[in-house]
Amino acid sequence: MKLLLSRHGETTYNREKKYYGKTDVELDDTGLQQADQLAEKLKTVPINFAIRSDLKRTEQTLKAVERNHSVMKVIVDKEFDEMPFGNWEGKNANEVEAAYPDVWEKWLKAPFDVTPEGAEPFHDFEKRVIKAIDHYLMSLPSDGTILLVAHLGVLRTLHHHWYPDVDWWSVKFNAGDYSLYEATGAKVKLIKLNV
């Protein structure tokens, strides 16, 4: 099975470097162009299933791809929603540091072990995302192609699950690109990053 991972297009919150896991922000003009760029790159790639999160930014990104792929089945799955940041939502790093200096300092030292108030703990998020992708890898036809349009945290978490020796923060998923993996059951191999 081929697995294509793609990050949603840019939003104003991306440009403003705000935390916004569950905040349902739409794509900005650049994000819409990136969605069109992704659609153009995937124009001749056969896709059997497209999975996206429950948020508008992935919906808008996938809509562009759907224009060229009317036969693919679309699945909306909130298990691929970005990790909610609780009381950090809608704030940038400077605002978070000013409002929650103690938690911020602890988070910088151990970001996977410190949870902002009202946020989803990272390890719960990680389990949710891995369980969801494993479900699709094991249940969808093994000779098909899946496109997953999701969020940076989701994509990094999946990549790190398959490649645990790679630093979580170092992996880049560019909006408007897709990354190609091959899956045999739950075993996944990277073919090319950011096509």
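Placed from the backbone N, Cα and C atoms, the Cβ positions cover glycine too.
In TrEMBL, annotation is done automatically, which means it is predicted and not curated.
Quick look at what TrEMBL annotates:
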ACT_SITE  His8  active site, tele-phosphohistidine intermediate
ACT_SITE  Glu82  active site, proton donor/acceptor
BINDING   Arg7, His8, Gly9, Glu10, Thr11, Thr12, Tyr13, Asn14, Arg57  substrate binding site
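For Thr11 (substrate binding site) paired with Glu82 (active site, proton donor/acceptor), the C-alpha to C-alpha distance reads 14 Å.
It is 6 Å from the Cα atom of Arg57 (substrate binding site) to that of His8 (active site, tele-phosphohistidine intermediate). Here the binding residues for substrate are Arg7, His8, Gly9, Glu10, Thr11, Thr12, Tyr13, Asn14, Arg57. Their largest Cα to Cα distance works out to 15 Å. Annotation for the residue listed as 'active site, tele-phosphohistidine intermediate': same-chain Cβ neighbours under 8 Å, separated by at least 6 residues, are Leu27, Gly31, Ala35, Leu55, Arg57, Thr58, Gln60, Thr61, Val149, Ala150, His151, Ala175. Geometry remark: Arg7 (substrate binding site) versus Glu82 (active site, proton donor/acceptor), CA distance 11 Å.
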